[in-house]
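Okay, structure first, notes after.
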Amino acid sequence: MGTLIRNGSAHFEDKNVYASNVMPQKIRPTAEGLSSRSSMTWQSSVYRSIKIVIFSTKLNLLMPFGPLAILVHAFSGHNGWVFFLCLLGITPLAERLGYATEQLAFYTGPTIGGLLNATFGNATELIIGIYALRNGMTRVVQLSLLGSILSNMLLVLGCAFFAGGLVFYRKEQVFDKASATVNSGLLLMAVMGLLFPAVLHFTHTEVHYGKSELALSRFSSCIMLVVYAAYLFFQLNTRKDSYVPLTEGVDPPEDDDEVPEITKFETIVWLSIMTAWISILSEYLVDAIEGASLAWNIPIAFIGVILLPIVGNAAEHASAIMFAMKDKLDISLGVAIGSSTQISMFGIPFCVVVGWIMGEPMDLNFQLFETATLFITVIVVAFFLQEGTSNYFKGLMLILCYMIVAASFFVHEDPSSESQSLSL
């Protein structure tokens with residue numbers, strides 16, 4: 001019996017020893033397994049990121065038109081088609097650029113996120129402007145930047161008010177009047193900066209004809225850049241809640257627990273890819289502007305003020321409407337009005353300084369018709385914002401005002417188009 005017990009215990013101990021030796025080998029991962037698992041994880045992450053960014057919206061069906069524009073330019077050289085295909089190809093890129101910026105805002109906070117949204121939302125216009133300046137097409141730069149301001153203030157903000165008003169038709173949406181007043185003041189200051197060189201030119205009161213206007217424009221641009229830097233400091237340090245909805249502290253929206261869909265590293269990579277691809281298409285777009293104007297018999301002013309900004313503001317359109325439909329109207333104003341402020345106080349002066357460096361006579365004389373249009377637009381929008389409320393009727397009025405502006409530029413003949421060559 002003792003032998004049986006000893007044999008049994010020895011047999012049991014042998015089984016335990018075997019188990020202790022074998023089991024760790026079953027759960028210990030090998031180097032090849034780790035490498036394979038890491039490779040599969042990396043591939044899965046890339047596939048998931050591409051699926052979210054590229055295949056999550058039907059607007060991305062327009063992306064193949066970008067490479068098609070390059071092929072048409074290489075084999076046919078038809079500027080009308082190249083310009084049209086570039087417009088279609090840039091539209092989803094501008095919208096995806098805004099999406100990537102919104103994802104980055106999850107990691108930076110609402111204030112910096114709102115500023116980043118406005119910055120990258122205007123990246124398309126600034127890239128087109130730099131390429132146009134390099135080709136000596138200063139008038140196209142002026143018109144496209146002016147059109148971006150008009151589009152953001154009337155079309156983008158109007159669509160946001162209209163869409164938000166339809167979703168919340170039983171109440172009036174509210175926003176921060178103080179922030180809107182600050183932006184309206186900056187826009188009026190930008191109008192002042194554009195008005196004085198134009199008046200100086202058309203009243204023929206320059207001390208040095210042809211030089212005083214340019215010198216005043218460059219001096220005013222430097223002042224405007226300083227003011228915009230002070231505005232950024234004011235927003236980031238004094239009014240840290242300027243992009244946070246007013247209703248957030250009282251009745252948080254249901255979707256406040258939103259989380260980013262892609263990582264911070266993926267966001268930066270996609271921002272770089274989209275910006276680079278927009279830069280490539282912008283070069284072809286700028287080269288085809290004059291040819292498209294001749295082929296379609298459309299004024300260059302209409303192309304610069306209406307067509308280019310609609311494409312460039314695709315990101316602002318999507319963001320402003322989305323936030324308005326979520327009753328986050330302060331963020332919509334931060335995107336639309338904030339984008340207009342950034343173009344007027346940073347984009348235009350920046351292009352003047354860049355033209356100064358390039359030796360191009362880029363100035364703030366946007367001609368009387370264009371300057372008057374901007375001045376009236378700023379006044380109209382300021383009146384709509386003074387109550388601090390919005391509804392679908394206000395949005396409809398802004399959209400109709402933009403239609404009037406578009407029709408005006410369609411029948412407007414740019415006086416400088418005859419004296420300034422826009423060819424390469």
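Cβ coordinates are placed from backbone N, Cα and C, and glycine is handled just like the others.
In TrEMBL, annotation is done automatically, which means it is predicted and not curated.
Per TrEMBL, domain 'Sodium/calcium exchanger membrane region' is recorded for 81-236, 268-409. The transmembrane segment annotation in TrEMBL covers 52-75, 81-99, 111-133, 145-169, 181-203, 215-234, 268-286, 292-312, 333-358, 364-385, 392-411.
Counting Cβ pairs under 8 Å to the transmembrane segment (333-358), the top-ranked stretch among 52-75, 81-99, 215-234, 364-385 is 215-234. Here the transmembrane segment (292-312) has Cβ contacts under 8 Å with residues 78-80, 82-84, 87, 90-91, 94, 122, 124-125, 128, 139-140, 142-144, 146-148, 150-152, 155, 285, 370, 405-406, 409-410, 412-414, 417, 422 of the same chain, all six or more residues outside its ends. Sequence-distant contacts of the transmembrane segment (392-411) (same chain, six or more residues past either end, CB-CB distance under 8 Å): 150-151, 153-155, 157-166, 169, 298-299, 301-302, 305-306, 373, 377, 380-381, 384. Mapped onto DSSP helix, strand and coil, the domain 'Sodium/calcium exchanger membrane region' (268-409) counts 119 helix, 2 strand, 21 coil.
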